[in-house]
Amino acid sequence: MVSFLKAQRSPWTVLVAGCWLEAVSGLSYVYSTYSGVLKSQLLYNQRQINALAVAKDLGDHVGLAAGFLSGILPDWALPLLGSVLILGGYGVLWLFVGSIITGIPFWLVCIIIFIGTNGSTYLDTAALVVCLSNFPSNRASAVGLLKGFKGLSGAIYNQIYASFLTPDQTAFILFIALVPVGVVGPLILMMGLSVNTSVANDNGNSNSQILFGVSLLLAAYMLVVTLLQDLCNISRGINVLFTVLLFCILLLPLVIIKFKDSFNKDHVKGDLQSGKVVLQDGSSKDDDEGMRTPKMYAEVGEMPNTSSIFEENSDGQNIEEQKLLQGSNQVPLLDPSDYTVWNALKNANFWLLVASIFFGMGTGTTAFDNLRQVAQAQGYENVEVFVSLANIFNFLGRIGGGYISEACTRRYGHPRALVLALSQVVMAVGHLVLALALPGTIYAAVFFTATGFGSQWAVFPTATSELFGLRNFGVLYNLVAIASPAGSIIYSTFMAGPIYDWQASKQGSSSCEGTVCFEITFFAMAAACILATALSIVLSARTRFLYAVTRHALR
């Protein structure tokens, strides 16, 4: 078994396995689907439901243990351990909601949900660490695909719920406890520990197009299915058929890539025999030499003039490149691959990134957690459709965010933080639309909020790896990710929950109706997104020279 796990794998097979791993790890995005049974069966109020949501968000984002263990345990052990934690956490929650066990205090339920969702960080970290090392020159695209499938996870779970389990939310809790354990085993066999480097450049490009094409097909399919479920009375039999087609689409990437790899096997062997070295992400050695990031320079006083990047000496050699290679009066930073956790924590750019995620993504997490109550307050009965739509648009945001940030950085030399700022502006628009709550605008609001939120998930992990390297990426990525639930604690515990309960008590009910339920909350969160945008722009200005130098090195 150990020798099989150490067998070589195609990087594309590993990426597909990573996408599937992410597709079962998005447990935090289905909280709105089963939170109703927690409220009715356990007699919790909205403030307690929001507190459980915060515990869930903390579990989904506080992946420090997974980050540290990623440098110690083999890659296959992380998802296996994570699936066990998911089974333990959600399994106990199912026992409690189903009244099989009783008398669990509220604080212990928070810990149980934290443990269950924390297991998903092990799946997420394993997929990111393995796939980023396989695609060093296309990190944003790889992250976009991985995070995209995690964003679509909620829609996939909800489709299965609509086909087989509705309206039994208690059974759904048991389902999400069992699925990761059943799926992780086959996936870790697909991932292995090392990667087969025999991937031709043109084959790699076409494989990338296949994965993006199938992912967009999957999102379009789920969007059509969700809208049909909202507008028409779909029978359970039709829903089962929809689910079968869903799994067929999920299997498409592996089938096509395996067929292409088999078809091109002789061609790849010929390239290797001719002496051409092929890299893990499908680029040649000569190409990769031009892709390497040069030594970066710290800011001492003013940032160096970026126009000098394009100056050349009489021999045609770039002047700034000479300074980078030979030394200059600038103070050299460590190469990103040499960054330690402590060095990153002392870097102002790290804390700017953390603050931006705190004020920006924390609001998106809060919006997701309260989406059921938001829809009900606006008079909608079929609230599951908005949960599914949010996950689909979240998926599109992650795919699009990875693609756009890759284009902006590689083609134009713009910092990734600039795309982060644009994403936060989009999310601020969504919050404003939710605050106004005009009739029929919830669909547009969900689109803006979810796509803006999702695109940030594609951008900030890539920015973290570029600014601080891959050696300690598992730890640093999870440190930055903590900022999202930390922000959610503020917005959910001290704004959304108390304001909702206050307005509901004024109406003499446990449920609130009308725009007053979330108006103040979403206006405040829109303002927080604007602040996050300003921080991202500052980070973009501080790192623009580094990205400009890197782009020039690619030319």
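Every residue, even glycine, has its Cβ placed from backbone N, Cα and C.
Per TrEMBL, domain 'Nodulin-like' is recorded for 11-256.
Positions annotated as transmembrane segment by TrEMBL: 12-31 (among others).
What TrEMBL lists as transmembrane segment is 104-123 (among others). Sequence-distant contacts of the transmembrane segment (104-123), counting only residues of its own chain at least 6 positions beyond either end whose CB sits under 8 Å from a CB of the stretch, comprise 21-22, 24-28, 42, 44, 48, 51-52, 55-63, 65-66, 69, 78-79, 81-90, 92-93, 96, 177, 180, 184, 478.
Summarising the annotation, TrEMBL assigns transmembrane segment to 171-189 (among others). Within the same chain, residues 4-5, 17, 20-21, 24-25, 27, 30, 33-34, 37, 75-76, 79-80, 82-84, 86-87, 89-91, 93-94, 97, 116, 119-120, 123, 157, 160-161, 165 sit at least 6 positions outside the transmembrane segment (171-189) and bring their C-beta atoms closer than 8 Å to a C-beta of that stretch.
Sequence annotations record features per position, and here TrEMBL assigns transmembrane segment to 210-228 (among others).
Positions annotated as transmembrane segment by TrEMBL: 240-259 (among others).
Annotation comment: TrEMBL describes 343-548 as domain 'NFD4 C-terminal'.
Here the transmembrane segment (350-368) has long-range neighbours at 28-29, 31-32, 57, 344, 374, 390, 417, 420, 423-424, 427, 430-431, 434, 449-450, 452-453, 456-457, 460, 463-464, 467-468, 476, 479-481, 483-492, 496, 521-522, 525-526, 528-529, 531-533, 535-536, 538-539, 542, meaning same-chain residues at least 6 beyond its ends whose C-beta is under 8 angstroms from one of its own. What TrEMBL lists as transmembrane segment is 350-368 (among others).
If you look up TrEMBL, you'll see 388-405 (among others) marked as transmembrane segment. Within its own chain, the transmembrane segment (388-405) has Cβ neighbours under 8 Å at 26, 29, 140-145, 147-155, 158-159, 212, 215-216, 219, 222-223, 226, 229, 368, 371, 416, 419, 423, 443, 446-447, 449-459, 462, counting only residues six or more beyond its boundaries.
Summarising the annotation, TrEMBL assigns transmembrane segment to 417-436 (among others). Among residues of the same chain six or more beyond the transmembrane segment (417-436), those with a C-beta under 8 A of the stretch's C-beta atoms are 353, 356, 360, 363-364, 367, 374, 397, 401, 404-405, 408, 442, 444-453, 455-456, 459-460, 463, 515, 518-519, 521-523, 525-526, 529-530, 532-533, 536-537, 539-540, 543.
The transmembrane segment annotation in TrEMBL covers 442-463 (among others).
The transmembrane segment annotation in TrEMBL covers 475-500 (among others).
Annotation source TrEMBL lists transmembrane segment at 520-541 (among others).
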Per-region confidence, the domain 'NFD4 C-terminal' (343-548) (mean pLDDT, whole number): 89
